[in-house]
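S.K.: Below is a structure I'd like to ask you about.
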(Lines of atoms letter the chains of each structure in order from A and count residues from 1; the text may use other names and numbers.)
(Lines give C-alpha, C1' and ligand atoms only; values in the text may rest on other atoms or scores of the structure.)
Protein backbone atom coordinates (compact mmCIF):
# COMPACT_ATOMS: atom_id res chain seq x y z
CA UNK A 1 0.00 0.00 0.00
CA UNK A 2 2.85 2.41 0.89
CA UNK A 3 4.51 1.55 -2.40
CA UNK A 4 1.39 2.34 -4.38
CA UNK A 5 0.96 5.62 -2.54
CA UNK A 6 4.51 6.76 -3.22
CA UNK A 7 4.22 5.80 -6.87
CA UNK A 8 0.97 7.69 -7.24
CA UNK A 9 2.65 10.83 -6.02
CA UNK A 10 5.05 10.85 -8.99
CA UNK A 11 3.99 12.75 -12.13
CA UNK A 12 2.64 10.49 -14.84
CA UNK A 13 5.50 11.41 -17.15
CA UNK A 14 7.91 9.95 -14.57
CA UNK A 15 6.16 6.62 -14.05
CA UNK A 16 7.09 5.20 -17.43
CA UNK A 17 10.76 6.12 -17.05
CA UNK A 18 11.36 5.84 -13.31
CA UNK A 19 13.99 3.17 -13.91
CA UNK A 20 15.75 5.29 -16.47
CA UNK A 21 17.87 7.75 -14.50
CA UNK A 22 19.01 9.57 -17.59
CA UNK A 23 15.47 10.01 -18.77
CA UNK A 24 14.36 11.30 -15.40
CA UNK A 25 17.21 13.81 -15.32
CA UNK A 26 16.20 14.97 -18.79
CA UNK A 27 12.64 15.47 -17.64
CA UNK A 28 13.78 17.42 -14.58
CA UNK A 29 15.93 19.61 -16.82
CA UNK A 30 12.98 20.34 -19.10
CA UNK A 31 10.73 21.04 -16.10
CA UNK A 32 13.06 23.67 -14.57
CA UNK A 33 14.66 25.06 -17.72
CA UNK A 34 11.94 27.46 -18.84
CA UNK A 35 10.81 28.83 -15.45
CA UNK A 36 14.23 28.88 -13.68
CA UNK A 37 17.32 28.38 -15.84
CA UNK A 38 16.40 30.62 -18.75
CA UNK A 39 15.50 33.72 -16.66
CA UNK A 40 18.60 33.28 -14.45
CA UNK A 41 20.87 32.88 -17.45
CA UNK A 42 19.34 35.92 -19.16
CA UNK A 43 19.99 37.94 -16.01
CA UNK A 44 23.58 36.68 -15.92
CA UNK A 45 24.05 37.64 -19.58
CA UNK A 46 22.65 41.11 -18.93
CA UNK A 47 24.93 41.70 -15.91
CA UNK A 48 27.97 40.42 -17.80
CA UNK A 49 27.20 42.68 -20.77
CA UNK A 50 26.90 45.67 -18.43
CA UNK A 51 30.26 44.81 -16.84
CA UNK A 52 31.80 44.28 -20.29
CA UNK A 53 30.64 47.74 -21.39
CA UNK A 54 32.07 49.26 -18.19
CA UNK A 55 35.39 47.55 -18.84
CA UNK A 56 35.66 48.45 -22.52
CA UNK A 57 34.76 52.09 -21.80
CA UNK A 58 37.53 52.20 -19.21
CA UNK A 59 40.00 50.64 -21.65
CA UNK A 60 39.07 53.05 -24.45
CA UNK A 61 39.29 56.03 -22.08
CA UNK A 62 42.79 55.02 -21.00
CA UNK A 63 43.83 54.48 -24.62
CA UNK A 64 42.65 57.98 -25.53
CA UNK A 65 44.56 59.48 -22.60
CA UNK A 66 47.74 57.64 -23.60
CA UNK A 67 47.45 58.86 -27.20
CA UNK A 68 47.00 62.45 -26.01
CA UNK A 69 49.94 62.15 -23.62
CA UNK A 70 52.16 60.95 -26.45
CA UNK A 71 50.91 63.53 -28.97
CA UNK A 72 51.20 66.44 -26.55
CA UNK A 73 54.54 65.27 -25.18
CA UNK A 74 53.36 65.42 -21.56
CA UNK A 75 56.45 63.81 -20.11
CA UNK A 76 56.95 63.99 -16.33
CA UNK A 77 59.86 66.41 -16.86
CA UNK A 78 57.43 68.85 -18.51
CA UNK A 79 54.59 68.46 -16.02
CA UNK A 80 56.83 68.84 -13.00
CA UNK A 81 59.92 70.84 -12.26
CA UNK A 82 63.05 68.76 -12.78
CA UNK A 83 66.67 69.82 -12.75
CA UNK A 84 69.75 67.63 -12.50
CA UNK A 85 71.49 67.81 -9.15
CA UNK A 86 74.79 69.67 -9.05
CA UNK A 87 77.63 69.71 -6.57
CA UNK A 88 77.86 72.65 -4.18
CA UNK A 89 81.51 73.28 -3.39
CA UNK A 90 80.72 75.31 -0.28
CA UNK A 91 78.52 72.81 1.57
CA UNK A 92 79.81 69.65 -0.11
CA UNK A 93 77.75 66.47 0.20
CA UNK A 94 75.43 68.02 2.81
CA UNK A 95 73.60 69.65 -0.10
CA UNK A 96 72.24 66.22 -0.98
CA UNK A 97 69.22 64.82 0.85
CA UNK A 98 69.66 61.82 3.11
CA UNK A 99 68.31 58.66 1.47
CA UNK A 100 67.33 55.38 3.10
CA UNK A 101 67.22 52.25 0.91
CA UNK A 102 65.14 49.42 2.35
CA UNK A 103 65.43 45.83 1.08
CA UNK A 104 62.90 43.52 2.75
CA UNK A 105 63.64 39.83 2.24
CA UNK A 106 62.53 36.41 3.40
CA UNK A 107 64.64 33.32 2.72
CA UNK A 108 65.95 34.83 -0.53
CA UNK A 109 68.88 32.48 -1.05
CA UNK A 110 68.90 32.79 -4.83
CA UNK A 111 68.77 36.59 -5.15
CA UNK A 112 69.99 38.26 -1.95
CA UNK A 113 73.43 39.00 -3.39
CA UNK A 114 71.95 40.60 -6.51
CA UNK A 115 69.70 43.01 -4.65
CA UNK A 116 72.19 43.96 -1.94
CA UNK A 117 74.95 44.43 -4.51
CA UNK A 118 72.75 46.60 -6.75
CA UNK A 119 71.61 48.76 -3.81
CA UNK A 120 75.18 49.21 -2.58
CA UNK A 121 76.18 50.16 -6.12
CA UNK A 122 73.78 53.12 -6.28
CA UNK A 123 75.57 56.33 -7.19
CA UNK A 124 75.08 58.83 -4.35
CA UNK A 125 77.35 60.54 -1.81
CA UNK A 126 78.38 57.75 0.53
CA UNK A 127 77.66 59.76 3.67
CA UNK A 128 74.13 60.60 2.46
CA UNK A 129 72.78 57.10 1.89
CA UNK A 130 71.97 54.20 4.22
CA UNK A 131 71.24 50.68 3.00
CA UNK A 132 68.88 48.83 5.32
CA UNK A 133 68.46 45.07 4.84
CA UNK A 134 65.33 43.87 6.61
CA UNK A 135 65.80 40.13 6.93
CA UNK A 136 62.78 38.11 8.05
CA UNK A 137 64.40 34.81 7.02
CA UNK A 138 63.50 31.77 9.08
CA UNK A 139 66.27 29.61 7.62
CA UNK A 140 69.35 30.17 9.84
CA UNK A 141 71.75 29.28 7.01
CA UNK A 142 70.26 31.91 4.70
CA UNK A 143 70.22 34.39 7.57
CA UNK A 144 73.94 33.91 8.11
CA UNK A 145 74.62 34.29 4.37
CA UNK A 146 72.69 37.58 4.20
CA UNK A 147 74.47 38.93 7.28
CA UNK A 148 77.86 37.98 5.86
CA UNK A 149 77.00 39.75 2.61
CA UNK A 150 76.10 42.89 4.55
CA UNK A 151 79.37 42.69 6.49
CA UNK A 152 81.28 42.31 3.23
CA UNK A 153 79.81 45.54 1.85
CA UNK A 154 80.28 47.31 5.18
CA UNK A 155 83.99 46.45 5.02
CA UNK A 156 84.09 48.36 1.72
CA UNK A 157 82.84 51.52 3.41
CA UNK A 158 79.13 51.20 2.58
CA UNK A 159 76.77 52.35 5.34
CA UNK A 160 74.67 49.19 5.45
CA UNK A 161 72.51 48.02 8.35
CA UNK A 162 71.42 44.41 8.85
CA UNK A 163 68.11 44.38 10.74
CA UNK A 164 66.19 41.37 12.02
CA UNK A 165 63.21 40.87 14.32
CA UNK A 166 61.99 37.96 16.42
CA UNK A 167 58.68 37.54 14.57
CA UNK A 168 57.07 38.05 11.15
CA UNK A 169 54.06 40.02 12.31
CA UNK A 170 52.63 42.02 9.44
CA UNK A 171 54.95 40.29 6.96
CA UNK A 172 56.48 42.84 4.55
CA UNK A 173 54.52 45.78 5.98
CA UNK A 174 55.61 44.82 9.48
CA UNK A 175 59.26 44.63 8.45
CA UNK A 176 59.17 48.01 6.70
CA UNK A 177 57.40 49.56 9.67
CA UNK A 178 60.01 48.22 12.09
CA UNK A 179 62.77 49.48 9.84
CA UNK A 180 61.37 53.01 9.94
CA UNK A 181 61.59 53.00 13.75
CA UNK A 182 65.40 52.87 13.83
CA UNK A 183 67.04 55.98 15.27
CA UNK A 184 69.16 56.71 12.19
CA UNK A 185 66.04 56.94 10.00
CA UNK A 186 64.97 60.24 11.57
CA UNK A 187 67.82 61.93 9.67
CA UNK A 188 66.57 60.65 6.30
CA UNK A 189 64.41 62.63 3.87
CA UNK A 190 63.43 59.90 1.42
CA UNK A 191 63.07 56.14 1.51
CA UNK A 192 63.60 53.86 -1.50
CA UNK A 193 62.18 50.34 -1.48
CA UNK A 194 63.49 47.43 -3.53
CA UNK A 195 62.23 43.88 -3.24
CA UNK A 196 64.88 41.19 -3.00
CA UNK A 197 64.99 40.42 -6.74
CA UNK A 198 65.21 44.06 -7.92
CA UNK A 199 68.43 45.43 -9.37
CA UNK A 200 68.41 49.22 -9.90
CA UNK A 201 70.91 50.89 -12.20
CA UNK A 202 73.54 53.09 -10.48
CA UNK A 203 71.89 56.34 -11.70
CA UNK A 204 68.46 55.48 -10.26
CA UNK A 205 68.57 58.10 -7.49
CA UNK A 206 69.93 60.83 -9.77
CA UNK A 207 66.91 60.42 -12.04
CA UNK A 208 64.20 60.01 -9.40
CA UNK A 209 65.14 62.21 -6.44
CA UNK A 210 65.00 65.58 -8.31
CA UNK A 211 61.23 65.19 -8.76
CA UNK A 212 60.86 65.11 -4.98
CA UNK A 213 63.35 67.91 -4.28
CA UNK A 214 61.85 70.44 -6.70
CA UNK A 215 58.16 69.55 -6.20
CA UNK A 216 57.21 69.68 -2.51
CA UNK A 217 53.69 68.30 -3.22
CA UNK A 218 55.04 65.08 -4.78
CA UNK A 219 55.06 62.21 -2.30
CA UNK A 220 56.02 59.25 -4.49
CA UNK A 221 58.12 58.58 -7.59
CA UNK A 222 57.51 55.15 -9.10
CA UNK A 223 59.80 53.47 -11.64
CA UNK A 224 58.83 50.83 -14.17
CA UNK A 225 59.77 47.15 -13.93
CA UNK A 226 62.05 45.48 -16.49
CA UNK A 227 61.85 41.69 -16.60
CA UNK A 228 65.12 39.78 -16.88
CA UNK A 229 63.50 36.37 -17.42
CA UNK A 230 60.53 37.21 -19.64
CA UNK A 231 61.79 34.74 -22.28
CA UNK A 232 62.24 31.88 -19.81
CA UNK A 233 58.97 30.18 -20.70
CA UNK A 234 55.59 30.91 -22.28
CA UNK A 235 54.06 31.74 -18.89
CA UNK A 236 56.59 34.51 -18.26
CA UNK A 237 55.85 35.95 -21.71
CA UNK A 238 52.15 36.06 -20.79
CA UNK A 239 52.99 37.87 -17.55
CA UNK A 240 55.14 40.35 -19.43
CA UNK A 241 52.18 41.22 -21.70
CA UNK A 242 49.87 41.87 -18.75
CA UNK A 243 52.38 43.85 -16.69
CA UNK A 244 53.62 45.92 -19.63
CA UNK A 245 50.04 47.08 -20.16
CA UNK A 246 49.76 47.88 -16.46
CA UNK A 247 52.84 50.11 -16.55
CA UNK A 248 52.59 51.68 -20.00
CA UNK A 249 48.86 52.40 -19.76
CA UNK A 250 47.32 52.14 -16.28
CA UNK A 251 50.17 53.71 -14.31
CA UNK A 252 50.84 56.34 -16.97
CA UNK A 253 47.16 57.35 -17.15
CA UNK A 254 46.91 57.68 -13.36
CA UNK A 255 50.08 59.75 -13.20
CA UNK A 256 49.08 62.01 -16.12
CA UNK A 257 45.48 62.73 -15.08
CA UNK A 258 44.92 62.55 -11.32
CA UNK A 259 48.55 62.23 -10.12
CA UNK A 260 47.41 58.98 -8.47
CA UNK A 261 48.14 55.31 -9.07
CA UNK A 262 48.83 52.28 -6.96
CA UNK A 263 52.34 52.04 -5.54
CA UNK A 264 53.86 48.81 -6.86
CA UNK A 265 55.52 48.02 -3.54
CA UNK A 266 59.04 48.27 -4.93
CA UNK A 267 61.23 50.37 -7.25
CA UNK A 268 59.73 53.54 -5.79
CA UNK A 269 60.92 56.53 -3.74
CA UNK A 270 58.74 57.90 -0.95
CA UNK A 271 59.02 61.26 0.73
CA UNK A 272 59.19 60.17 4.37
CA UNK A 273 57.00 63.12 5.40
CA UNK A 274 54.25 61.85 3.05
CA UNK A 275 54.61 58.31 4.34
CA UNK A 276 54.32 59.45 7.96
CA UNK A 277 51.40 61.81 7.29
CA UNK A 278 49.51 58.95 5.65
CA UNK A 279 49.88 56.87 8.80
CA UNK A 280 52.86 54.72 7.83
CA UNK A 281 52.75 51.06 6.89
CA UNK A 282 49.65 49.03 7.79
CA UNK A 283 49.25 45.27 7.55
CA UNK A 284 45.45 45.10 7.43
CA UNK A 285 45.52 43.71 3.85
CA UNK A 286 47.99 41.84 1.64
CA UNK A 287 48.51 44.99 -0.49
CA UNK A 288 50.20 47.25 2.03
CA UNK A 289 51.72 49.23 -0.86
CA UNK A 290 48.34 50.11 -2.39
CA UNK A 291 46.93 50.83 1.06
CA UNK A 292 49.68 53.39 1.72
CA UNK A 293 49.26 54.96 -1.73
CA UNK A 294 45.52 55.48 -1.31
CA UNK A 295 45.92 57.00 2.14
CA UNK A 296 48.70 59.31 0.98
CA UNK A 297 46.64 60.40 -2.01
CA UNK A 298 43.72 61.25 0.28
CA UNK A 299 46.11 63.57 2.16
CA UNK A 300 46.68 65.48 -1.07
CA UNK A 301 50.07 64.07 -2.08
CA UNK A 302 50.82 63.65 -5.79
CA UNK A 303 52.50 60.68 -7.46
CA UNK A 304 54.82 60.63 -10.48
CA UNK A 305 55.35 57.58 -12.69
CA UNK A 306 58.59 57.43 -14.69
CA UNK A 307 58.07 55.04 -17.58
CA UNK A 308 61.62 55.42 -18.88
CA UNK A 309 63.24 54.65 -15.51
CA UNK A 310 63.38 50.86 -15.45
CA UNK A 311 64.50 48.49 -12.73
CA UNK A 312 65.39 44.90 -13.52
CA UNK A 313 63.52 42.19 -11.67
CA UNK A 314 62.37 38.61 -11.98
CA UNK A 315 58.96 37.25 -12.95
CA UNK A 316 57.69 34.13 -11.14
CA UNK A 317 58.40 31.25 -13.50
CA UNK A 318 56.63 28.45 -11.63
CA UNK A 319 52.86 28.19 -11.70
CA UNK A 320 52.69 27.70 -7.94
CA UNK A 321 54.52 30.98 -7.29
CA UNK A 322 52.49 32.85 -9.89
CA UNK A 323 49.18 31.54 -8.56
CA UNK A 324 49.99 32.64 -5.00
CA UNK A 325 51.10 36.04 -6.27
CA UNK A 326 47.89 36.52 -8.23
CA UNK A 327 45.79 35.51 -5.24
CA UNK A 328 47.50 38.20 -3.17
CA UNK A 329 47.23 40.81 -5.93
CA UNK A 330 43.51 40.10 -6.47
CA UNK A 331 42.33 39.47 -2.93
CA UNK A 332 44.18 42.42 -1.38
CA UNK A 333 42.72 45.22 -3.57
CA UNK A 334 39.20 43.86 -3.18
CA UNK A 335 39.59 43.73 0.58
CA UNK A 336 41.11 47.21 0.66
CA UNK A 337 38.20 48.49 -1.44
CA UNK A 338 35.80 47.10 1.14
CA UNK A 339 37.71 48.75 3.99
CA UNK A 340 38.31 52.16 2.40
CA UNK A 341 35.36 52.94 0.12
CA UNK A 342 33.53 55.04 2.74
CA UNK A 343 36.76 56.72 3.88
CA UNK A 344 37.42 57.79 0.30
CA UNK A 345 33.83 58.95 -0.17
CA UNK A 346 33.89 61.11 2.98
CA UNK A 347 37.35 62.59 2.41
CA UNK A 348 37.44 66.42 2.33
CA UNK A 349 40.92 67.02 0.90
CA UNK A 350 40.44 65.66 -2.62
CA UNK A 351 37.93 66.65 -5.28
CA UNK A 352 34.88 64.78 -6.53
CA UNK A 353 36.42 63.61 -9.79
CA UNK A 354 39.45 62.15 -8.06
CA UNK A 355 37.12 60.27 -5.69
CA UNK A 356 35.21 58.92 -8.69
CA UNK A 357 38.47 57.91 -10.32
CA UNK A 358 39.73 56.05 -7.24
CA UNK A 359 36.43 54.36 -6.31
CA UNK A 360 35.00 53.60 -9.75
CA UNK A 361 37.93 53.32 -12.18
CA UNK A 362 40.84 52.28 -9.97
CA UNK A 363 39.05 49.93 -7.58
CA UNK A 364 35.65 48.85 -8.89
CA UNK A 365 36.28 48.41 -12.62
CA UNK A 366 39.96 47.39 -12.65
CA UNK A 367 40.18 45.41 -9.41
CA UNK A 368 36.71 43.85 -9.17
CA UNK A 369 34.75 43.94 -12.44
CA UNK A 370 37.70 43.01 -14.67
CA UNK A 371 38.35 39.75 -12.81
CA UNK A 372 34.73 38.71 -12.36
CA UNK A 373 33.51 39.38 -15.91
CA UNK A 374 36.51 37.60 -17.45
CA UNK A 375 35.79 34.33 -15.67
CA UNK A 376 32.02 34.41 -15.25
CA UNK A 377 31.20 35.63 -18.76
CA UNK A 378 33.78 33.82 -20.89
CA UNK A 379 34.13 30.60 -18.88
CA UNK A 380 30.64 30.12 -17.37
CA UNK A 381 27.90 32.14 -19.05
CA UNK A 382 28.89 31.86 -22.73
CA UNK A 383 29.32 28.07 -22.49
CA UNK A 384 25.97 27.84 -20.64
CA UNK A 385 24.15 29.55 -23.52
CA UNK A 386 25.21 26.61 -25.70
CA UNK A 387 23.19 24.31 -23.45
CA UNK A 388 20.30 26.79 -23.31
CA UNK A 389 19.80 28.04 -26.89
CA UNK A 390 16.79 30.10 -25.79
CA UNK A 391 19.30 32.61 -24.39
CA UNK A 392 21.28 34.50 -27.00
CA UNK A 393 24.27 36.78 -26.61
CA UNK A 394 24.48 39.71 -29.04
CA UNK A 395 27.48 39.61 -31.34
CA UNK A 396 28.76 42.93 -30.01
CA UNK A 397 28.98 41.43 -26.53
CA UNK A 398 30.44 38.07 -27.49
CA UNK A 399 32.84 39.18 -30.24
CA UNK A 400 33.37 42.91 -30.67
CA UNK A 401 33.90 43.99 -27.05
CA UNK A 402 36.32 41.14 -26.21
CA UNK A 403 38.25 41.88 -29.40
CA UNK A 404 38.59 45.57 -28.55
CA UNK A 405 39.70 44.82 -24.99
CA UNK A 406 42.24 42.26 -26.21
CA UNK A 407 43.75 44.54 -28.85
CA UNK A 408 44.02 47.44 -26.41
CA UNK A 409 45.78 45.20 -23.92
CA UNK A 410 48.23 44.04 -26.56
CA UNK A 411 49.67 47.49 -27.27
CA UNK A 412 51.91 47.28 -24.20
CA UNK A 413 54.06 44.49 -25.67
CA UNK A 414 54.18 44.70 -29.48
CA UNK A 415 56.84 41.97 -29.68
CA UNK A 416 54.34 39.43 -28.35
CA UNK A 417 51.43 40.12 -30.71
CA UNK A 418 51.84 36.67 -32.23
CA UNK A 419 51.15 35.19 -28.79
CA UNK A 420 47.83 36.99 -28.40
CA UNK A 421 45.68 33.85 -28.61
CA UNK A 422 47.79 32.10 -25.95
CA UNK A 423 47.57 35.19 -23.75
CA UNK A 424 43.76 35.26 -24.01
CA UNK A 425 43.44 31.59 -23.08
CA UNK A 426 45.94 31.87 -20.21
CA UNK A 427 44.33 35.02 -18.80
CA UNK A 428 40.94 33.29 -18.83
CA UNK A 429 42.42 30.40 -16.87
CA UNK A 430 43.99 32.74 -14.33
CA UNK A 431 40.70 34.63 -14.01
CA UNK A 432 39.41 31.58 -12.13
CA UNK A 433 41.88 32.23 -9.31
CA UNK A 434 41.54 36.00 -9.51
CA UNK A 435 37.74 35.83 -9.28
CA UNK A 436 37.91 33.46 -6.31
CA UNK A 437 40.44 35.73 -4.61
CA UNK A 438 38.33 38.83 -5.35
CA UNK A 439 35.29 37.34 -3.62
CA UNK A 440 37.45 36.23 -0.69
CA UNK A 441 38.65 39.83 -0.35
CA UNK A 442 35.19 41.36 -0.68
CA UNK A 443 33.67 38.93 1.83
CA UNK A 444 36.76 38.77 4.10
CA UNK A 445 36.67 34.99 3.95
CA UNK A 446 39.24 32.46 5.14
CA UNK A 447 42.35 33.20 3.05
CA UNK A 448 41.90 36.97 3.00
CA UNK A 449 45.20 37.66 4.78
CA UNK A 450 47.19 34.77 3.35
CA UNK A 451 50.70 35.92 2.48
CA UNK A 452 53.03 33.63 0.57
CA UNK A 453 56.32 35.18 -0.55
CA UNK A 454 56.78 34.88 -4.31
CA UNK A 455 59.52 32.37 -5.01
CA UNK A 456 62.54 33.72 -6.91
CA UNK A 457 64.97 31.48 -8.76
CA UNK A 458 67.66 34.02 -9.65
CA UNK A 459 70.53 33.03 -11.92
CA UNK A 460 72.06 30.30 -9.80
CA UNK A 461 69.94 27.52 -11.25
CA UNK A 462 69.96 28.63 -14.87
CA UNK A 463 73.10 26.64 -15.87
CA UNK A 464 71.25 23.46 -14.93
CA UNK A 465 68.34 24.12 -17.27
CA UNK A 466 69.81 22.01 -20.07
CA UNK A 467 71.15 19.21 -17.89
CA UNK A 468 70.06 15.62 -18.38
CA UNK A 469 69.08 13.69 -15.31
CA UNK A 470 67.00 10.75 -14.33
CA UNK A 471 63.94 12.05 -12.62
CA UNK A 472 60.85 10.54 -11.17
CA UNK A 473 57.54 12.00 -12.30
CA UNK A 474 54.97 12.09 -9.55
CA UNK A 475 51.33 13.09 -9.60
CA UNK A 476 50.16 14.80 -6.43
CA UNK A 477 46.47 14.72 -5.57
CA UNK A 478 45.93 16.48 -2.29
CA UNK A 479 48.53 15.06 0.10
CA UNK A 480 49.07 11.81 -1.80
CA UNK A 481 51.92 11.32 -4.28
CA UNK A 482 51.81 8.53 -6.86
CA UNK A 483 55.09 7.55 -8.54
CA UNK A 484 54.49 6.89 -12.22
CA UNK A 485 57.84 6.04 -13.76
CA UNK A 486 61.49 6.97 -14.00
CA UNK A 487 62.32 9.01 -17.10
CA UNK A 488 65.69 10.00 -18.52
CA UNK A 489 64.71 13.36 -20.00
CA UNK A 490 66.02 16.81 -20.77
CA UNK A 491 65.01 18.71 -17.65
CA UNK A 492 65.46 22.06 -16.06
CA UNK A 493 66.82 20.77 -12.82
CA UNK A 494 68.48 17.63 -11.43
CA UNK A 495 65.76 16.57 -9.06
CA UNK A 496 62.44 14.89 -8.52
CA UNK A 497 59.72 16.92 -10.12
CA UNK A 498 56.11 16.96 -8.99
CA UNK A 499 53.20 17.70 -11.23
CA UNK A 500 50.24 18.73 -9.14
CA UNK A 501 46.72 18.18 -10.34
CA UNK A 502 44.69 21.38 -10.02
CA UNK A 503 41.13 20.16 -9.67
CA UNK A 504 39.36 23.50 -10.17
CA UNK A 505 41.02 23.92 -13.56
CA UNK A 506 40.22 20.33 -14.52
CA UNK A 507 36.55 20.64 -13.58
CA UNK A 508 36.24 23.91 -15.47
CA UNK A 509 37.99 22.39 -18.48
CA UNK A 510 35.62 19.43 -18.39
CA UNK A 511 32.61 21.77 -18.30
CA UNK A 512 33.90 23.72 -21.30
CA UNK A 513 34.67 20.51 -23.20
CA UNK A 514 31.17 19.12 -22.61
CA UNK A 515 29.63 22.41 -23.76
CA UNK A 516 31.83 22.31 -26.86
CA UNK A 517 30.76 18.75 -27.68
CA UNK A 518 27.09 19.72 -27.21
CA UNK A 519 27.57 22.68 -29.55
CA UNK A 520 29.08 20.41 -32.22
CA UNK A 521 26.25 17.88 -31.91
CA UNK A 522 23.19 20.07 -31.41
CA UNK A 523 24.09 23.76 -31.53
CA UNK A 524 24.59 26.29 -34.26
CA UNK A 525 26.42 29.07 -32.38
CA UNK A 526 29.92 27.93 -33.50
CA UNK A 527 31.26 28.61 -30.01
CA UNK A 528 32.81 25.12 -30.01
CA UNK A 529 36.08 26.36 -31.52
CA UNK A 530 36.65 28.73 -28.61
CA UNK A 531 35.28 26.22 -26.08
CA UNK A 532 37.66 23.45 -27.14
CA UNK A 533 40.68 25.78 -27.13
CA UNK A 534 39.78 27.18 -23.72
CA UNK A 535 39.12 23.70 -22.34
CA UNK A 536 42.55 22.62 -23.57
CA UNK A 537 44.13 25.59 -21.78
CA UNK A 538 42.39 24.65 -18.53
CA UNK A 539 43.50 21.02 -18.92
CA UNK A 540 47.13 22.01 -19.57
CA UNK A 541 47.19 24.15 -16.44
CA UNK A 542 45.14 21.58 -14.51
CA UNK A 543 47.72 18.87 -15.17
CA UNK A 544 50.55 21.23 -14.23
CA UNK A 545 52.17 21.59 -17.65
CA UNK A 546 52.79 25.32 -17.39
CA UNK A 547 55.76 27.32 -16.20
CA UNK A 548 59.14 25.86 -15.25
CA UNK A 549 59.73 22.88 -13.00
CA UNK A 550 61.69 23.24 -9.79
CA UNK A 551 63.07 20.67 -7.35
CA UNK A 552 60.61 19.39 -4.78
CA UNK A 553 61.83 19.49 -1.24
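Just so you know, glycine gets a Cβ as well, placed from its N, Cα and C.
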S.K.: Of the residue ranges 13-42, 43-72, which one carries the transmembrane segment annotation in TrEMBL?
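M.R.: Within the set 13-42, 43-72, TrEMBL attaches transmembrane segment to 43-72.
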S.K.: Of the ranges 347-367, 368-388, 431-451, which one does TrEMBL list as transmembrane segment?
M.R.: 368-388
S.K.: Looking at 319-345, 400-426, which stretch does TrEMBL describe as transmembrane segment?
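M.R.: My reading of TrEMBL: the transmembrane segment range is 400-426.
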S.K.: At a threshold of under 8 Å on Cβ distances, which of 43-72, 368-388, 400-426, 503-521 pairs most often with the transmembrane segment (527-550)?
M.R.: 503-521
S.K.: In terms of Cβ proximity under 8 Å, which residues at least six beyond the ends of the transmembrane segment (400-426) contact it?
M.R.: 52-53, 55-56, 59-60, 62-63, 234-235, 237-238, 240-242, 244-249, 378, 533-534, 536-537, 541, 546
